[in-house]
Amino acid sequence: MKINLNYSHSVFFALLAAILFGASTPFAKKLLDQIPPVLLAGLLYLGSGMGLYLFRLIKDRSWQASGLHQKEWLWLLGAIIFGGILGPIFLMLGLKKVSAADASLLLNLEAVLTALLAWIIFKESTDRRIISGMFLIVAGGVILAWPNQVDSIPWQGVLIIALACLCWAIDNNLTRKISTADALFIAGSKGFVAGMVNLILALSLSLSAPGWVAVSYALAIGFIGYGISLALFVLALRGLGTARTGAYFSTAPFIGAAIAVLFFGSTTTVLFWIAAFFMAVGVWIHLTEKHEHTHTHEYLFHNHSHVHDPHHQHEHDFPWNGKEPHRHTHEHQPMTHSHPHYPDIHHRHKHDEG
C-alpha cells in the first residue's frame with residue numbers, strides 16, 4: 001500500500017500548528033506582568049494578522065487574489081464573526097465569572113463541539129476509532145487543566161465559556177469549507193479582525209498602554225504562535241477534515257506545559273504524566289487509522305495546489321512547464337474506486353450507516 005503523502009503532510013501540519021500554538025502560551029504568559037489580558041489578546045491576534053498579510057505580500061511579490069469564490073466569502077465572513085469577534089468577546093466575559101484554571105478546563109469543550117458539529121451538522125465521516133482517540137486526547141487536556149482545588153464554578157461562567165467554545169467550533173467547521181483557498185489570507189483575515197476587536201475592547205476598558213518592547217514581543221509571539229499556527233491548521237483541514245485536525249490540535253495545552261517545564265522551570269505532577277499518556281495513546285490511535293472502501297467521486301470544479309496523482313488526471317488549457325505542485329482551476333470527472341482515504345477536500349462523500 002502506498003503511503004498517503006497528503007495525509008502524512010496534513011498530520012504534520014496539524015501537529016506543528018499545535019506545537020507553535022502550545023509553545024506560545026508560556027511565552028505570552030510572561031508578558032501578562034506588563035500587558036493586561038484583553039490588550040495582550042488583541043496584540044497577539046493583531047501580530048498574527050499583520051504578520052501573515054506582510055509575509056504573503058513579500059512571498060507573492062504583490063497582493064494576489066485570495067482564491068475564494070463568490071459564495072465562499074460568506075463562509076469566511078461567518079468564520080470571522082464567530083471565531084474572530086464573538087469567541088473572544090464571550091471568553092473575556094467568561095473570565096470575569098470563572099478563574100483562569102476553570103476556564104482552561106472548560107476550553108476543552110472546543111474540540112468536543114468541533115467534532116460534534118463536523119459529524120452531525122456537516123456530515124464528516126467518523127468511526128469508533130476516531131471517536132475513542134479524540135476522547136483520550138480531550139481527556140488528557142481535562143486532566144492537565146484540572147485545578148488543585150475544585151470549587152463550584154458559577155453556571156453563568158460555564159455557559160459563557162461554553163458559548164465561546166461553540167463559536168470557535170463553528171469557526172473551525174466554516175473554515176474547512178474554504179480550506180482550498182489561500183491559507184495565509186484566511187488566517188491573516190481572521191487574526192486581523194480578532195486583533196482589532198480585542199484592541200477595541202481594551203480601549204473601552206481604558207487599559208494602560210505597555211512599552212514598545214513588550215508590544216513588539218507580543219506581536220512577534222502572535223505572528224508565530226497564532227498566525228503561522230492558524231495557517232498550518234487551515235492546511236491540515238484540507239487533508240484531514242475538521243474533527244481529526246481539531247483532535248491533533250488539542251495536544252497544544254500539553255505542549256505548552258511541556259515547554260514551561262523544559263525552559264521555565266515549571267514542575268511536573270502525576271497528573272501531567274497521566275495527561276501525557278492519554279494524549280500519546282489518542283494521537284497513536286489517530287495516526288494508525290485506516291479507512292478504506294469503494295467510494296464515488298462526483299463531478300467537482302475547484303482551485304487548489306495539487307500534483308497529478310490519480311485524482312488529478314486532467315488536461316491543461318495553458319502552457320505548463322511540468323513543475324509540481326502547481327495551482328489552477330480544474331475539473332474532477334466522476335470516478336469510482338477504492339483506496340485508503342480521509343475526509344480531505346476530495347473525499348467528502350456520504351457513508352452508508354452501519
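Using N, Cα and C of the backbone, Cβ positions are placed for all residues, glycine too.
Per TrEMBL, the features are:
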DOMAIN    11-144  domain 'EamA'
TRANSMEM  38-58  transmembrane segment
TRANSMEM  73-93  transmembrane segment
TRANSMEM  105-122  transmembrane segment
TRANSMEM  129-147  transmembrane segment
TRANSMEM  153-171  transmembrane segment
DOMAIN    156-285  domain 'EamA'
TRANSMEM  183-205  transmembrane segment
TRANSMEM  211-235  transmembrane segment
TRANSMEM  247-264  transmembrane segment
TRANSMEM  270-287  transmembrane segment
COMPBIAS  307-318  compositional bias 'Basic and acidic residues'
REGION    307-354  region 'Disordered'
COMPBIAS  341-354  compositional bias 'Basic and acidic residues'
If you count Cβ pairs under 8 Å, which stretch among 73-93, 105-122, 129-147, 153-171 touches the transmembrane segment (38-58) the most?
73-93
Using a Cβ cut-off under 8 Å, which residues of the same chain at least 6 positions beyond either end of the transmembrane segment (247-264) come close to it?
11, 14-15, 17-19, 21-26, 30, 104, 108, 111, 115, 130, 133-134, 137-138, 140-141, 144-145, 233, 236, 240, 272, 275-276, 279, 282-283, 286
Give the residue counts of the domain 'EamA' (11-144) per reduced DSSP state, in the order helix, strand, coil.
107 helix, 0 strand, 27 coil
Between 0 and 100, where does the mean pLDDT of the domain 'EamA' (11-144) sit?
86
With DSSP as the reference, give the number of residues of the domain 'EamA' (156-285) in helix, strand and coil.
110 helix, 0 strand, 20 coil
Please indicate, using numbers and ranges, the residues of the same chain that are 6 or more beyond the transmembrane segment (73-93) and have a C-beta under 8 Å from a C-beta there.
37-38, 41, 45, 103, 160-161, 163-164, 167-168, 170-172, 174-175, 177-178, 186, 189-191, 193-194, 197-198, 201
